[in-house]
Amino acid sequence: MNNNLLSVLITFLLSTVIYSLANPATITYSVQLYDQFSGYNNNFQTNVTGARVTGLVKSTLNSTTRVPELVSTSNGGLNDAGHILNPSLFQYFFSPQINSSLPAENNPYSFDLVFTYDKNRNTYVYNNEDFFPIDRKGFDIDPEKRINLNGATYHNYHFCMKINSAFTYQGSEYFNFQTDHEVWAFINNKLVIDLGGIHGPIAERINTKTLGLTIGRIYNFDLFFCNRQTVGSKLKIEIDITYSCPFRDFCGVCLGDGSSCAGGRIK
């Protein structure tokens, strides 16, 4: 083998290795799910149609709990528009409440959300037209609690999802979201996507160039998704970030607090 051919071969092999290291076929977010039951939290299955409502949650994420908080804890106003019938129970959308003697009991689980690399767009995508990760789990283990159907179609329609993570800012990252349910997203603890209320499919895009971030720094990325109504559950997320996780809890959840171990890990 001549030197030129050997050089070409080595260059090809090195580029292949570097490419594969830089762009793994999949990346996995270990997320926290909270199974909800409308009989315990009446903010679920309010039996209404509505529209997108912005301004339901505070524009700055609570740095201690790392979950959204309502702007108002009173009935009426935006809470009525967003079909938050009991504001005091909103805190348990994305936090565990496993005491059956108290209101808003839920079932926390951990779940792996696997993103697939799209080489044509150089992004990672999670796309699920029927995002029902806890069918016949949680409260729905009991057939008597499968009370909210879409006609004759069964799913466990009532659950919320929380992703607490971080990324190293490279200077041009973006996020695309498509969903027919509530989504709130925060970068650097600031609200960047505000899709509250009971609404139909909506697409949103975050361009991080507009957020005043510094290249090379690590920033928190927190995403909250909640399905409160029957019919469907669509979720598409497209990202092009360098994902990092400062620490994982003993459930394997990034920045978790161990609470999702109560219900176990969903395969």
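Heads up, the Cβ atoms here are built off N, Cα and C, so glycines get one too.
The annotation domain 'PA14' is assigned in Swiss-Prot to 116-257. Among the features that Swiss-Prot reports, N-linked glycosylation site is placed at N47, N62, N99, with the record citing sequence analysis. Summarising the annotation, Swiss-Prot assigns signal peptide to 1-22 and lists sequence analysis as the type of evidence.
All features noted in Swiss-Prot, drawn onto the structure.
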| residue | record | CB count, 10 Å |
| --- | --- | --- |
| N47 | N-linked glycosylation site | 10 |
| N62 | N-linked glycosylation site | 11 |
| N99 | N-linked glycosylation site | 9 |
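Mean pLDDT across the domain 'PA14' (116-257) comes to 89 in this model. Secondary structure by DSSP for the domain 'PA14' (116-257): 10 helix, 68 strand, 64 coil. Residue pair N47 (N-linked glycosylation site) / N99 (N-linked glycosylation site) shows a Cα separation of 26 Å. On a Cα basis, N62 (N-linked glycosylation site) lies 23 Å away from N99 (N-linked glycosylation site).
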